[in-house]
């Protein structure tokens with residue numbers, strides 16, 4: 001089971017009713033089911049903040065020391081490593097609960113990017129959600145190898161949902 005908590009701190013998000021708990025659960029489940037190591041966990045939790053440029057700028061400055069609005073910020077609750085996800089070793093403790101982390105999305109930046117990239121707002125949001133969940137479970141793009149692995153997984157998941165890959 002995946003429990004999703006959504007906080008909408010900006011009214012423009014209400015225009016996108018399709019961005020809801022059901023969509024977020026479906027995408028999260030699709031990602032987690034790809035890794036056997038998550039199979040013992042019975043309950044996952046994920047917190048989502050749908051906000052504006054002013055708040056994301058504050059968060060970005062506070063947590064990353066970058067004074068600029070960004071499209072999305074991911075705050076993992078666990079220190080996972082993507083390489084462990086592919087091993088048959090059980091790297092998780094015996095807990096049947098896992099809080100994956102928190103994700104904050106910025107409406108204005110996502111809207112502007114979707115217009116510039118000629119994508120629908122929803123499809124761009126879904127791509128950023130997939131990207132963020134992958135960060136929460138230990139994926140990163142600090143070097144070309146990691147970036148390629150993460151991008152290929154994003155493409156695979158986006159294709160599953162019928163969304164053309166952005167790369």
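All positions are counted from 1 along the displayed chain.
Here the Cβ of each residue, glycine as well, is placed from N, Cα and C on the backbone.
For residue 135 (Zn(2+) binding site), applying a Cβ distance below 8 Å and a minimum sequence separation of six or more within one chain yields 74, 76. The DSSP secondary structure for residue 135 (Zn(2+) binding site) is helix. Annotated Zn(2+) binding site per Swiss-Prot: 131, 135, 141, in sequence order, evidence recorded as sequence analysis.
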Cβ-based isolation winner (fewest other Cβ atoms within 10 Å) among the binding-site residues 131, 141: 141
